[in-house]
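*Asks:* Quick one: this structure, given as structure tokens, is what I'll be asking you about.
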Amino acid sequence: MRHLITTKDFNKVEIMELFKEASDFLDEKPRTFLEGKSITTIFFENSTRTLSSFESAARRLGARVLRLDVSRSSSSKGETLYDTAANLDAMSPNAIVVRHANSGVPLILAKHMHCPVVNGGDGKHAHPTQALLDLFTIYNHFQGNVEGKKICIVGDIKNSRVAASNIELLSRFNLDITLVAPPHFMPNTHLKKHYKLDENIIANSDIIMSLRTQTERHNKTVYASLKDYANDFCIQKSLAKDKKLILLHPGPVNRNIDISDEMMSDERTLVLKQVKNGVAIRMAVLKKLILENEG
């Protein structure tokens, strides 16, 4: 049984196959590959973009979607993860998409399920489909020529599952990664590090990936105000100038903290393209895992 818990679960050849399939799915036409199949979404953390993206992907493939209301679920009343998995499995879904605030939960569920489990984000650990759609966006923009491209990841890197998954995946595809964050947001890493964003860093980048500050994962206040943070790390036109680059963000964007209003409307900012690409990538992932499992 194959699952998608981290980006390491797919090799490079499989990822390129996913990209080819996702490119076909960008036409947004409905398909029947998963007609008669059932996909369950269970999100223990709030989500608008990822949840709706997975559900759109499932429906475009012809699948039925069962969204479990976690606020009313037995898990909120003390049910163990093992019992949650057993009950989910008893419903005989063809795949489950799960998000949880605690790292490792999707892997635990996967050990007790008889269908593929897709990690929709777990704690600070991983968000594999976000990294796949980010690389897909980069790959398409540079027409497949991604090796050696310089990417600067800016923000709350230490607490970001998006950063963790992207660093693994982008490293495998030989992108040149630089991290920019305040010391308390910087992970221990061998990668190039800077503690303040400046125009020289941006001038030396092909891609900027801005991250949201993960305030819900902080045990204490780390900045007197988000405005103080923005002074050092907000992506602004005055820094980007006319540099030929692309700007990514996993969303939701804190405007004028992560990215300025002016840059959000700049043609180099591909946030909405990431959203479109995300549905296509998730279609490719769901199709691959479900049909391989049944083949």
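Note: Cβ is positioned from N, Cα and C throughout, glycine not excepted.
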*Asks:* Report the candidate from ARG31, ARG67, ARG99 that shares the carbamoyl phosphate site with ARG49, THR50, HIS127, GLN130, GLY251, PRO252, as recorded in Swiss-Prot.
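*Replies:* Among ARG31, ARG67, ARG99, only ARG99 appears alongside ARG49, THR50, HIS127, GLN130, GLY251, PRO252 as carbamoyl phosphate-binding in Swiss-Prot.
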*Asks:* I need the nearest neighbour of ARG161 (L-aspartate binding site) among the binding-site residues ARG49, HIS127, GLN130, using C-alpha distances.
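*Replies:* Closest candidate to ARG161 (L-aspartate binding site), judged by Cα separation, is HIS127.
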*Asks:* Looking at the binding-site residues THR50, GLN130, which sits with the largest number of other Cβ atoms within 10 Å of its Cβ?
*Replies:* GLN130
*Asks:* Based on DSSP, name the secondary structure state of PRO252 (carbamoyl phosphate binding site): helix, strand or coil.
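*Replies:* DSSP assigns PRO252 (carbamoyl phosphate binding site) to coil.
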*Asks:* Cα distance, GLY251 (carbamoyl phosphate binding site) to ARG212 (L-aspartate binding site), nearest Å?
*Replies:* 7
*Asks:* When you average the Cβ positions of ARG49, THR50, ARG99, HIS127, GLN130, GLY251, PRO252 for the carbamoyl phosphate site, which other residues in that chain have a Cβ within 8 Å of that mean position?
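*Replies:* Apart from ARG49, THR50, ARG99, HIS127, GLN130, GLY251, PRO252, the close residues are SER47, SER53, GLY120, GLY121, VAL162, PRO250.
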